[in-house]
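Q: What follows is a structure written as structure tokens; I'll ask about it next.
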């Protein structure tokens, strides 16, 4: 085996499936050697067997000899061999660059150097097995050279670099050597890797299989880096990635794995990041998300992958609505009308649309959306969902508890924010049909009160055991217990009790009498409701200004005076 064969040898890394055309070729070969074909040569079978044995022996001798030569030639992967590999890479990169400058209009002159360059890039994949040696890639400026090649005139070379970077930044590999990973990620960030990747993305043609793979691997690099260093998401978005993702999502192309991946990376960039949420709003991203989701108002996703993309887009929208400026964009983009239509159509998108409405209306920033929701007859949509949880929600991955949480949160937001005629229309709903909605509210109250009492009993037992062991229950433990109680049902119970307090303060005697009547019938007490609301007020407004928190607490506690 000569040196050229060794250099061009590429081990099967097992990361990609065989392509469709390769599979077809394999099938064709199998067909060509089927029983009928073999039958034609039965007369020569004995002779062929003898020849085959001789050929087999000769082949085994050649393999053994080549194997011995390879063992002698092959160096173990250590610092020295990596340095040698990087040096070869730099030489080939420089030679290719030199020939391209010298013979810009004569590809034959530089094509061989390009193939050599591609070969050494493939060989460098072996470095991904030794993250402890990543520092050599930085110290010997290989990272800088690789980033430079992302702009290579030949997209085959830039795609090869993307493939290599994807493997070097594999999240499992990065965690094998934190020190090596930090050095590599620092160098990539300093070299503005995302900006260069986006420039390369702009010229890739996804109708070409290799270039579509290049897009997928580019997104994988971003995901890997974001998982290892979440703070780089802001810089990545500002370097053109967010704009490219939005453009790719709205491109008129059939749904594929790359569109799914784009939705996933978009959701990652927006997670807990107000700067990126604001940037998305400025780029008209709210409209893009609403346009993409509008497809699912009357049609369910056709595959599990398409459903996953839909959920990613809903998550991205919910994340954006955490920012008040995006609530206004959502309102102007007729997001409320779209979500209301989805609730009525009863498709898979309904559960996620409910979650979006919850995010759009919550807090004082949701006041405009609350008023508009009543104007578009949203009360006719939300109250049937309040009266009865849909049976099919389990099929779309939403629990009955999650559904009831969102509905009660929306009603609480409406009661908090509505004024004038819209508020009157809302309160009238609680008096319709012999106050059936008050009855349903009380039914939910006792349902989640029971769940809370079970959870509280368990937590009290745990606290007793801790004290008995002589340990102290610190603030962190108390916070953990409170979060457990919220998850067990306290969160929705607080909203239910808040709704009770609001409607009992509405100067509608019929509602107040019905609430007290049901509490007495069930042997419950107004004191329990008061206690839950006080606890709710004490914990409200986390992450907001002290002024808002104080004002909101006074307002909520004021409701108890006339309860």
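Using N, Cα and C of the backbone, Cβ positions are placed for all residues, glycine too.
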Q: To which of the residue ranges 130-140, 141-151, 152-162, 163-173 does Swiss-Prot assign the term motif 'Nuclear export signal (NES)'?
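A: Checked against Swiss-Prot: motif 'Nuclear export signal (NES)' maps to 130-140.
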Q: In Swiss-Prot, which of the ranges 16-33, 88-105 has the motif 'Nuclear localization signal' annotation?
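A: That would be 16-33, per the motif 'Nuclear localization signal' entry in Swiss-Prot.
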Q: Short question: which residues 6 or more past the ends of the motif 'Nuclear export signal (NES)' (130-140) have a Cβ under 8 Å from it?
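A: For the motif 'Nuclear export signal (NES)' (130-140), the nonlocal Cβ contacts are 77, 79, 82-83, 86-87, 90, 146, 168, 173-174, 176-177, 179-181, 183-184, 186-187.
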Q: These are the modified residues: 389, 545. Which one scores highest on other Cβ atoms within 10 Å?
A: 389
Q: According to DSSP, which kind of secondary structure is residue 545 (phosphoserine) found in, if we only use helix, strand and coil?
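A: DSSP assigns residue 545 (phosphoserine) to coil.
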Q: Reduced to three states, what secondary structure does DSSP give residue 91 (N6-acetyllysine)?
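A: Helix, per DSSP.
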Q: In three-state terms from DSSP, label residue 389 (phosphoserine) for me.
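A: DSSP assigns residue 389 (phosphoserine) to coil.
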Q: Take the C-alpha atoms of residue 545 (phosphoserine) and residue 389 (phosphoserine) and report the distance between them in angstrom, rounded.
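A: Checking the Cα atoms of residue 545 (phosphoserine) and residue 389 (phosphoserine) gives a distance of 36 Å.
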Q: Just the number: how many Å between the Cα atoms of residue 389 (phosphoserine) and residue 91 (N6-acetyllysine)?
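A: With the alpha carbons as reference points, the distance is 68 Å.
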